[in-house]
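Student: One structure is given below, represented as structure tokens, and several questions about it will come after.
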């Protein structure tokens, strides 16, 4: 039978519940347990797919094509279990499901209320999500409840968790509460009162946490831990200090050293093997002792909120680990390139243009593509970054001066990138969309396997085929591919059913390393293995740096 760990947060948001939950999962998995994680989001949106990156940060795409919270990316990076659509749900999905049942008459004319109907539906979603785990029936399901205790939006989820714990019985569920212990510089001390009040608020709704994770910018002294224990009614050994570190991959060891996994296993009556965190220690060792160093420019329009590129940043960090190369990421606002030109790119060892939507800043990104191509600097374009690379090549090499995407200019006569109106989903069913379709759920989403053209750089990186996740509406227009190929561009991978370009590159005679991909490889990168595309990209950046150094010498 699956046991449950509910992770809640207090005082403020963005304390790192996702990292804490993922780290606990990593420790439990290292002890031989099968673990899955779920994220419950209290907003009314059905999913984050149509939310602004400035509001929500990154949208993480699962293998089965769900647009989910970025915390699911952390989950996949920390444990071996893959996430699915069922691992993330929102208030919007819960209410949508309940209203649909009410319309069908499932409630037999009863008054539909938050309790019991909404809370029962939340419990059903939790148990369904745990049961659908890719690892088989999990020993432990860790359920992260989004938001902050005290928020009105989170109340139905907390009430559902309380009811579920009661229903499952003793030693079947436990609660971990993450809270803030701020340091007041003017007073020169840590303050525990916010934590005391947060736990009090949690207890008011019937939940007594078994463990407190106390976030601070420094380790919490024993006397402060004793005070927290006294006023929150949590045993002193269950008041765990979680301080700021320079790498999230240090967190599993930090939590294990303070006995978090022991406390959880004791409460849930689990007796697994001892934890083996040698892999995490080795990763941290490699991360902190690089042999080389490169600077990669990430050109985008969401650079003021790096959470928008969370998986991409982590993928570069994983490549850093596996190439013994420290990767410095320089965030470059593409709109500034439109105004000031590309001189600010001259010191970079490589250029990366990530995915994105909308017209704003695209000409600055195209300028960055042009710079990378002409200066022979390694270039990686992801999703929109590939489309813009094709547009730049069409304009500046092939001579299609009005080449553009219909996303930015619906009336362009040279539609090098356009909306595809019909395609096959992962199950082989035909999906259709138009310019007037809803934004939500009308993209090519999820994993797709594609064969790779022999003799290409793509084959050297991936092998015979590539299986990556997608999130896009627009595609490179096959009508212009013959002209692009005549100019030297290579389409190195295509979808097997629609024959749509999935990867493009420039031959070595034109550029040492220039690759565009329509998919999002960052979603499948893990610290354990890295990712072949990002490792190759970092190695190319290092080679570029060494070539420059040799030329100067």
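Every residue, even glycine, has its Cβ placed from backbone N, Cα and C.
Got these off Swiss-Prot a minute ago, pasting:
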- 383: active site, nucleophile (ACT_SITE)
- 520: active site (ACT_SITE)
- 522: active site (ACT_SITE)
- 13, 191, 192, 193, 194, 195, 196, 227: UTP binding site (BINDING)
- 13, 151, 152, 153, 191, 192, 193, 194, 195, 196, 227: CTP binding site (BINDING)
- 14, 15, 16, 17, 18, 19, 71: ATP binding site (BINDING)
- 71, 144: Mg(2+) binding site (BINDING)
- 356, 384, 385, 386, 387, 407, 473: L-glutamine binding site (BINDING)
- 295-547: domain 'Glutamine amidotransferase type-1' (DOMAIN)
- 1-270: region 'Amidoligase domain' (REGION)
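In terms of burial and nearby residues, how do these features look in this structure?
Tutor: Of all the Cβ atoms in the protein chains shown, 22 others lie within 10 Å of the Cβ of residue 383 (active site, nucleophile).
According to its DSSP assignment, residue 520 (active site) is in a strand. Counting only same-chain residues at least 6 apart in sequence, those with a Cβ under 8 Å from the Cβ of residue 520 (active site) are 61, 311, 355, 382, 383, 468, 469, 470, 471.
The Cβ neighbour count for residue 196 (UTP binding site), using a 10 Å radius and every protein chain shown, is 16. Under the three-state DSSP scheme, residue 196 (UTP binding site) falls in the helix class.
For residue 193 (UTP binding site), the count of additional Cβ atoms within 10 Å of its Cβ stands at 13 [all protein chains shown].
Cβ neighbour count for residue 18 (ATP binding site): 25 (other Cβ atoms within 10 Å of its Cβ, all protein chains included).
Within the same chain, the residues at least 6 positions away from residue 71 (ATP binding site) whose Cβ sits under 8 Å from its Cβ are 17, 18, 21, 22, 39, 60, 144, listed in sequence order. Secondary structure from DSSP puts residue 71 (ATP binding site) in a helix.
Neighbour density for residue 473 (L-glutamine binding site): within 10 A of its CB lie 16 other CB atoms from the protein chains shown.
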Student: Could you state the whole-number distance in Å separating the C-alpha atoms of residue 386 (L-glutamine binding site) and residue 13 (UTP binding site)?
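Tutor: Checking the Cα atoms of residue 386 (L-glutamine binding site) and residue 13 (UTP binding site) gives a distance of 35 Å.
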Student: Just give me the nearest neighbour of residue 227 (UTP binding site) among the binding-site residues 16, 152, 384, 385, 407, Cα to Cα.
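Tutor: Checking each of 16, 152, 384, 385, 407 against residue 227 (UTP binding site), the shortest Cα distance is to 16.
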Student: How many Å separate the Cα atoms of residue 194 (UTP binding site) and residue 15 (ATP binding site)?
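Tutor: For residue 194 (UTP binding site) versus residue 15 (ATP binding site), the Cα atoms are 14 Å apart.
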Student: So which of the binding-site residues is most packed in, judged by how many other Cβ atoms lie within 10 Å of its Cβ, out of 17, 191, 227?
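Tutor: When each Cβ's neighbours within 10 Å are tallied, 17 leads.
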